[in-house]
Amino acid sequence: MAAPDLSTNLQEEATCAICLDYFTDPVMTDCGHNFCRECIRRCWGQPEGPYACPECRELSPQRNLRPNRPLAKMAEMARRLHPPSPVPQGVCPAHREPLAAFCGDELRLLCAACERSGEHWAHRVRPLQDAAEDLKAKLEKSLEHLRKQMQDALLFQAQADETCVLWQKMVESQRQNVLGEFERLRRLLAEEEQQLLQRLEEEELEVLPRLREGAAHLGQQSAHLAELIAELEGRCQLPALGLLQDIKDALRRVQDVKLQPPEVVPMELRTVCRVPGLVETLRRFRGDVTLDPDTANPELILSEDRRSVQRGDLRQALPDSPERFDPGPCVLGQERFTSGRHYWEVEVGDRTSWALGVCRENVNRKEKGELSAGNGFWILVFLGSYYNSSERALAPLRDPPRRVGIFLDYEAGHLSFYSATDGSLLFIFPEIPFSGTLRPLFSPLSSSPTPMTICRPKGGSGDTLAPQ
């Protein structure tokens, strides 16, 4: 019988006198008794002492609780040897007594032992039936409120479902609008492309034969002149008799020579490359560009708002810094481009010369060299009625632009120039592998009362650009 007694003693020693269950985090009081930490904390609910031991009633002025780790191991061992039996419904799990009361402060069911423990002395403790009736009334009010909330939630859910369906319909409608509009635009652009190509071909068929006819006529005249020159050169080598024989006929043919110049054919193309709506699209990428006075040639005069520049007749006394262009009559924009798409417009008015474009930030600004792509410049130069660049020879313009749009796509290596007035393409550089930092470049080239003015973006997206 020794083994059962030992097992029973182990259970008794490992059981808390308050909750009558195995110890959980046991602590020891000053009087030497052990309790679960949570049990003694609840039992000593008052904030100030003295504190009475629940077992021997000895008073202690302070909460001196020492962890009892050996007892915790013993309780764990007892728990493994004799697991606590399941607590029947309606029975207190701590004291294994019937639940007969309800604490309104902690909202807990209590047994008689719970009430005697002193933990709930200052709480609102009521019999089960009375507490149940009061809580039932509260629950019914809560149910009424929750049912109203449920009705509102169902209404909101129905509205949300309708909104989702409506939104999907709106998105689908707009999707069809986008597809339809772009398909229409593609057809219009394709038709416009065919019309431009057809007009260009007609213009080629109209002018090219006249140019070839003039070239052929000049070839015939050149051949006739070559024969006559050869004949006269041979006659000059003859003795006197041979030289003078039939000289009258030879001199007559010389006098009859009249060089007929070719027909003057205008070299301006009547067909211009103008894509409907292109400039409006490019303006989505417009930026607010201003001039950098530290880079301006001493002969250039900048406006106070740094948007206009013109060339003066006298040099200004300005610091000769490495950033300043000299002798080239150039000035850079403040903006620096290392990626992305950018568009800006410049009002040139009736100026007879100007240069616009971009350059690398590290270009040589002190040498009077060619502003070519090889030197880090990509610019369009306008001279009277012609424009050129380092990539293309002089080309005539039928209608010189009064406002020029510049579009840069850094990653695509694209730089193009447009007449911002009618949207016609002025020039496009071949694909450029840009690297490093690029900056806008402006040059008036010559003196003129008309300044070059950077247009200021107006309003929000989709608005036009206006000069200052």
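Each residue, glycine too, has its Cβ placed from N, Cα and C.
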Record-annotated phosphoserine (source Swiss-Prot) among candidates S60, S85: S85
Record feature ubiquitin cross-link (Swiss-Prot), assigned residue among K366, K458: K458
Listed range which Swiss-Prot flags as zinc finger, given the options 16-57, 394-435: 16-57
Where Swiss-Prot places zinc finger among the ranges 87-128, 129-170: 87-128
Other parts of the chain folded back onto the zinc finger (16-57), taken as Cβ under 8 Å at six or more residues beyond its ends: 63-68, 71-72, 74-76, 78-79, 84, 93-96, 113, 117-119, 121-122
Per-residue pLDDT averaged over the coiled coil (129-208), given as an integer: 89
For the zinc finger (87-128), sequence-distant contacts whose Cβ falls under 8 Å of one of its Cβ atoms, 6 or more beyond its ends: 18-21, 42-43, 45, 54, 134
Pairwise Cα distance for K458 (ubiquitin cross-link)/H120 (Zn(2+) binding site) [Å, integer]: 76
Recorded positions compared (H95, H120, K458) - the one with the fewest other Cβ atoms within 10 Å: K458
C114 (Zn(2+) binding site): tally of other CB atoms within 10 A of its CB: 24
Counts of helix, strand and coil residues, the zinc finger (87-128), according to DSSP: 6 helix, 14 strand, 22 coil
